[in-house]
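What TrEMBL annotates here:
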- B:1-22: region 'Disordered' (REGION)
- B:57-77: transmembrane segment (TRANSMEM)
- B:157-179: transmembrane segment (TRANSMEM)
- B:191-209: transmembrane segment (TRANSMEM)
- B:239-266: transmembrane segment (TRANSMEM)
- B:278-302: transmembrane segment (TRANSMEM)
- B:387-405: transmembrane segment (TRANSMEM)
- B:412-430: transmembrane segment (TRANSMEM)
- B:456-475: transmembrane segment (TRANSMEM)
- B:482-501: transmembrane segment (TRANSMEM)
- B:547-573: transmembrane segment (TRANSMEM)
Amino acid sequence: MAESYPTLTQCALVAAAFKVLLFPAYKSTDFEVHRNWLAITNSLPLSQWYYENTSEWTLDYPPFFAYFEWLLAHLARLVDPAMVRIINLNYDSWETVYFQRFSVIITELLLVYALQMFIDSSSLPTRRAAQAAALSVILSPGLLIIDHIHFQYNGAMYGILVASLVLARCKSTLLQSGLLFGALLCFKHIYSYLGPAYFVFLLRTYCLSSKSIFRIKFLNCVKLGLGLGGIFAAAFGPFALMGQIPQVLSRLFPFSRGLCHAYWAPNVWALYSLADRVLIYFAPKLGLPLNAEALNSVTRGLVGDTAFAVLPEISPRTCLVLTLLSQALPLIKLFRRPTWENFIGAVTLCGYSSFLFSWHVHEKAILLVIIPFSLIALTDRRHLSAFRPLIVAGYVSLFPLLFTPAEFPIKTIYTVFWLVLFLIAFDRLAPASNKPRVFLLDRFSTLYIAISIPLIAYTSLFHQIIFGKRLEFLPLMFTSSYAAIGVVGSWVGYMVVYYTS
Amino acid sequence: MSSSSPAPHKPRRKPKKSDNDIDKPVRVRSEALVRTPSFPLAAFLWPARTSLSQWEVLPLVLMVVGLFRWAAGLWGYSGFQRPPLFGDYEAQRHWMEITAHLPISQWYFHDLEWWGLDYPPLTAYHSWALGKIGSLINPEWFALVSSRGSHDPTLKIFMRATVIISEFLIFVPATTVFVRRFSRLNGVNTWTSNLALVAILMQPATILIDHVHFQYNTVMLGFVVASMSSMLAERYMWAAVFFVAALGFKQMALYYAFSVFSYLLGRCITTGINPSRLFGIALVTIISFGVLVLPLALGVLYDKHRGIDAMPELKGSAAPLPIFSFITNYIDTQHFYYPIVEQLVQMVHRVFPFSRGLFEDKVANFWCALNTVIKLRNFPVELLQKAALGMTLLSIIPPNIILFLRPRKSALPLAFAATAWGFFLFSWQVHEKSVLLPLMPMTLLLAGKQGMSGEVRAWVGFANLLGAWTLFPLLHRVDLRVPYTALTLLWAYLLGLPPTSWSAPFQEGQSALVQWGTALLQSTFYVTMAAWHVLEASVIPPPGKPDLWVVANVGVGAAGFSICYLWCFWRLLRETDFLPSGGKVKAKTQ
């Protein structure tokens, strides 16, 4: 069969031209965060990386990412030496912008490569669908908004993740897959949310015999153990030798943050907060006690610490238990039938659980669900109908990240473009399922997608016309509640699909 | 790609009995079924080849071109933080300021030293509407005098949005309709015409000048395309109305005036004498001009009635007319209509600055190139003016006579392009941005017969890339190298042109000799352009010649544009059967 068009490279090239044009666009504090890390890694010895605190944006990623910044800083110094000085807080010369933005585009090639691996690893009948899925990832509005406007290096990180997921497809490359994932954890520890799926999958397929779970493949265990040990030693070893591990860990896992992030990420806690707010009005009638302190905080939902007026407070421990419980369910099935499709499904569901139930989730973490899901969304129409509300909700929920008027058309038109294009394409490419679909779910997802249009119009335009500067939390609350319903709905929908297929 | 597929839709109304006898019957060449896209743009629309309907493709295309425009607009504009006079952006903003705040009779008189209004009335009305809307959002943006040189970032967003909205209201629909009509006329299928549409809308020079450097050229170009489109549909009066609108927006549309005139006249005479049509067109043209200046005239009368003078500083005494001062010998300055005359004369004086030089700055036309060899300053101005007039006429009369004798629809863009190239190369007072005018009709050729095949694509691409390249010094002055590089390379990549692919001239059609000749000629230019970029970036010109690189740019540009002129002219001769066309020869040999 002839290659299908457009190819991944072609799309990546044109998208790169667009991203270059976005150089002068709004950039969040993450831009300064990464510049500061360039400065720290370039001008200080290793022993001080995790202690330096001139800037409030201290180094809080694992060591591999720090090494990556250290490498980049060698080039950065040639481009503009002032960029790598620690005291140059909020330095953003044109050279700095060009360099940092360009480094994001270049490192994203990793994702292009990984997605090409994904396409090549698909069987011929599904290759067109795989290509469409790969294109949808490389053109994802999430990556555009987060990486190329807001500023982060997710493209490269997800490149490593996708490569690792694809390597898990073939028996002979299971070890590489596991090691690559280990390395990814040393780049960015948010991926540890996906760890349970990896653990179960590698345990079942690599460390235990496929015939009986009581026969342990010792050689494989040793290989995997030594490999992972080596990787973690390479990352954390230098700091362990200097006795800095507690300091590093305290930077990586700051437990002082609140349940909900500045905006409400569209998860269960957003719905919980919404319920709390609604209950404020009904509490007197129902005779529920009100927490006066929470009631008085005017900026509720907008600052980090959310206190609840009516409903009971949530502790980090509750979150952790809920997350692990909800992750455990799909893992049982994965353990019993460790196919690649189930593995990706389990990774997706682990992503869902962490996003829906974790403590202090950022809306950016939705990519943790969307990108693994993209790889299997076109398996059949049942998968697709669970995927559709997720992409609409996930990408719409990213809109509040960009609030400047100049970027408004970019985020909305690009997302609408992406949704129209890929909803049409997916609809054409997803094969019919051999199991009956849940009729209700389908109607729900169509209705849900339709609601997004007036919602975007209201939050971006009409709210300002009607209320001006007042009630600024309202559009945010609508967006996150709307998106939360979509994410939760698609989670439930996908759970059903996962267990019944 | 086979063009024998049934038409995708039925025309709503029955086709009019048209005087089509002059238009050649479409020779449908059986194109081999193409299995792979021959250039990346085709690859991008590849999935739309079979099943997607027009109404799914078009919105997606429009969203993409809109996104690229908006993203390009994030960059700086001309005159950004460059006092004292700033640049085109300030000029446009200033016109919104004065039209929104001053009585209409003072628009063409107000403080001419600070970007006085020097565009025709439609631009003034357009500015007025935008100024009023903008003042609703933020009155400070267009506050009289105090807003001069404003660099409010939200104002920039407003201004950028006005360019995009104006373009999407005029240029984009006009082009879409034109491409449909023109490709149907030439028997090109819908999918291929979509390729042409994307290519036309992604033209780098247009995006760079309008959406980055800042101007509203696409409004004028859009009216011209609408006029051409009406000619294709044989709605000649609409063609006249749209063309008057184009002229009324920007006098630069005069580059096309000869072609419009020849075509319309030809359609009234050479295709069978049709006096009623001729009379109708003439009448509609006059009425359109009347409507165009009517608000100005009425406004002046009303201002006079209110006791507002065009020039309050003169305290009621009439100023002498700037040009055509003989008029005062025939008209009493106290007559009620004298202010209108005065206003119109002032408008004409502002719009046509005869007193300016032969060329502005450094522009890649014949005179500026010649200036590097012979110093034209040493010649009397009258002689130069006559020379410019003579050369211009010499270059534009032949294509227009052809168009008059054989006013074929398929020859329209070629004649427009040839005439506009003639004006650009030889006329008086050319600005480097004027290169957009010949580029527009030439790029429309992509929608024509074999438009996306090798030869036409190679030449249209060559003209566009060269055009963008001659704009580089202008863009470079305001640090716009990055968007220039991104947009130009993107377009070259999409259409499979150098420096990304050198295969365009070698696809189908002509003899090997012509193919190699084309490739060699164009490659010489491409290599020169690339080398120029390297030199310009790395070598500082010798102290005696600070403008060395710009002058080199101008010389190469003028040479390349002359070749484009000749190519358009040659194609025009073939298209109108004054020369045997290559396809026929080939058909016979087969």
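Quick reminder: no glycine exception, Cβ is built from N, Cα and C everywhere.
TrEMBL: automatically predicted annotations, no manual curation.
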- Item | Segment-segment contact (the transmembrane segment (B:412-430); the transmembrane segment (B:456-475)) at 3 or more Cβ pairs under 8 Å | no
- Selection from B:57-77, B:191-209, B:239-266, B:482-501, the stretch that has most Cβ pairs under 8 A to the transmembrane segment (B:387-405): B:239-266
- Answer key: the stretch among B:157-179, B:278-302, B:482-501 with most Cβ pairs under 8 A to the transmembrane segment (B:456-475) is B:482-501
- Query: Of the listed stretches B:157-179, B:191-209, B:547-573, which one has the most C-beta pairs under 8 A with the transmembrane segment (B:482-501)?
  - Reply: B:191-209
- Message: Out of B:57-77, B:191-209, B:278-302, what stretch is closest in contact terms to the transmembrane segment (B:157-179), meaning most Cβ pairs under 8 angstroms?
- Response: B:57-77
- Residues of the parent chain within Cβ reach of the transmembrane segment (B:57-77), under 8 Å, 6 or more residues beyond its termini: 45, 48, 87-89, 156, 159-160, 163-164, 167-168, 172, 176, 194, 197-198, 201-202, 207-208, 211-214, 478-480, 482-483, 487
